[in-house]
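What Swiss-Prot lists as heme binding site is Val41, Ala42, Ser60, Tyr61, Met78, His229. Marked as domain 'Fe/B12 periplasmic-binding' by Swiss-Prot: 35-291. Annotation comment: Swiss-Prot describes Cys20 as N-palmitoyl cysteine. If you look up Swiss-Prot, you'll see Cys20 marked as S-diacylglycerol cysteine. The signal peptide feature in Swiss-Prot is assigned to 1-19; the stated evidence is sequence analysis.
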Amino acid sequence: MRIIKYLTILVISVVILTSCQSSSSQESTKSGEFRIVPTTVALTMTLDKLDLPIVGKPTSYKTLPNRYKDVPEIGQPMEPNVEAVKKLKPTHVLSVSTIKDEMQPFYKQLNMKGYFYDFDSLKGMQKSITQLGDQFNRKAQAKELNDHLNSVKQKIENKAAKQKKHPKVLILMGVPGSYLVATDKSYIGDLVKIAGGENVIKVKDRQYISSNTENLLNINPDIILRLPHGMPEEVKKMFQKEFKQNDIWKHFKAVKNNHVYDLEEVPFGITANVDADKAMTQLYDLFYKDKK
């Protein structure tokens with residue numbers, strides 16, 4: 001009987017201790033004691049808007065929020081340094097769904113759960129903002145940010161709907177040495193649609209496709225957008241050289257009418273970001289600058 005009584009007391013004690021530890025852990029989480037490491041610039045900028053501290057940040061030539069200036073770098077978004085991240089003792093390491101497959105080995109080495117967010121479109125990013133707000137106790141900030149983006153989007157869509165003619169747009173996404181054509185499934189394609197442009201590329205199952213200038217000439221867009229990704233100045237020079245040396249471009253209506261525009265990585269980009277309000281506004285102004 002004494003043994004049974006002793007075991008009963010021991011079990012109760014363990015349950016109480018475990019309960020207390022669980023409660024303490026929940027309180028810690030509720031108080032916002034997260035150690036967050038975003039692995040992409042877009043996520044870093046979003047966390048700043050949600051007023052969240054971070055313990056690690058991606059290595060980037062882009063300017064990150066000043067509040068994170070003393071935060072340690074953890075490497076490139078596609079190749080974060082496992083040991084550098086481990087040293088930070090993170091509770092959450094964040095990435096985007098676009099590179100989920102590529103990031104799985106990284107999370108396996110960390111022995112941590114991967115958190116992936118959709119930044120492929122404005123709608124996807126807004127859903128991710130809500131998820132981040134719920135996850136890190138920033139619901140009010142997430143709602144405020146999404147309300148602002150919705151307001152700008154609605155305003156742009158309403159103005160575009162009143163236009164009698166919508167420009168046909170070709171979007172070129174350049175990297176050093178080459179370029180691809182963006183479809184509606186890409187983030188920039190999504191923005192073009194919101195701003196009242198019609199993407200001349202109708203592919204539905206891919207974000208980007210390889211280019212064929214002869215086929216593009218047959219489509220003959222009203223506007224050509226050139227978006228750099230990585231080393232923007234080098235990519236701009238590449239585009240200028242391509243359009244100057246490849247004789248076929250001079251036959252494009254957009255080139256003849258000087259409707260070829262180089263977009264900046266900020267506020268644009270290949271993934272959605274919190275500067276989407278500025279990007280939508282700039283695109284609308286480009287498309288309808290003669291209609292004001």
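Just so it is clear, glycine is given a Cβ too, placed from its N, Cα and C backbone atoms.
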For heme, residues beyond Val41, Ala42, Ser60, Tyr61, Met78, His229 with C-beta within 8 angstroms of the site's Cβ centre include exactly Thr40, Pro58, Lys62, Gln76, Pro77, Gly230, Gly269
Mean per-residue pLDDT in the domain 'Fe/B12 periplasmic-binding' (35-291) works out to 95
In whole Å, the longest Cα-Cα distance within the recorded heme binders Val41, Ala42, Ser60, Tyr61, Met78, His229 is 14
Three-class DSSP assignment, Met78 (heme binding site), comes back as coil
The answer, for which of the binding-site residues Val41, Met78 has its Cβ ringed by the most other Cβ atoms inside 10 Å, is Val41
Around the Cβ of Tyr61 (heme binding site), other Cβ atoms found within 10 Å total 9
Least surrounded, by Cβ count within 10 Å, of the binding-site residues Ala42, Ser60, His229 is Ser60
